[in-house]
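Annotated in TrEMBL:
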type   : residues : note
COILED : 24-51    : coiled coil
DOMAIN : 40-157   : domain 'CoA carboxyltransferase C-terminal'
Amino acid sequence: MATGDHKLSLEQPIYELEARIQKLESITERNPEARNEIRRLRRELTAKKKEIYSNLKPWETVEVARHLERPMTTDYLELVFDEFVELHGDKFFGDDRAIRTGWGKLDTYRVMVVGHQKGKTFRERMACNHGFAHPEGYRKALGKMRLAAKFKMPVIC
């Protein structure tokens with residue numbers, strides 16, 4: 001879950017269980033019985049996550065969606081794709097940094113990737129307009145999707 005100061009109040013029970021698990025993991029070498037307790041706590045943690053995230057109120061859903069430590073497009077690009085070549089511009093006005101597009105390689109398949117980028121640091125957020133795309137960003141995404149259709153390639157958004 002969250003590692004910084006950006007913790008949501010609805011996730012407090014999750015943070016407490018994670019802290020207990022970390023504490024027990026630090027003494028596992030000295031106390032082998034702690035392994036059973038760790039397994040039990042991990043099962044409890046999984047159940048607690050399911051309980052919390054399956055019963056979110058509308059505003060809690062917004063809070064989770066806006067969480068500062070939520071994975072972003074760049075995180076998925078690094079984790080999912082073997083290769084990624086970014087494509088810039090819409091051929092009319094300019095490049096909107098709020099929309100990331102490019103060719104990606106997923107296993108043996110070449111795909112077109114389209115995603116929003118809001119930035120991780122303050123400077124990145126300013127450059128990406130906090131993830132709010134301009135008209136050129138939408139033209140860029142549409143143009144890259146048409147390019148993928150021309151080459152009969154799947155689009156991952």
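Cβ coordinates are placed from backbone N, Cα and C, and glycine is handled just like the others.
Residues 13-14, 17-18 of the same chain sit 6 or more residues outside the coiled coil (24-51) yet have a Cβ under 8 Å from a Cβ within it. The predicted model assigns the domain 'CoA carboxyltransferase C-terminal' (40-157) a mean pLDDT of 90.
When DSSP labels each residue, the domain 'CoA carboxyltransferase C-terminal' (40-157) comes out as 56 helix, 23 strand, 39 coil, counted as helix, strand and coil in that order.
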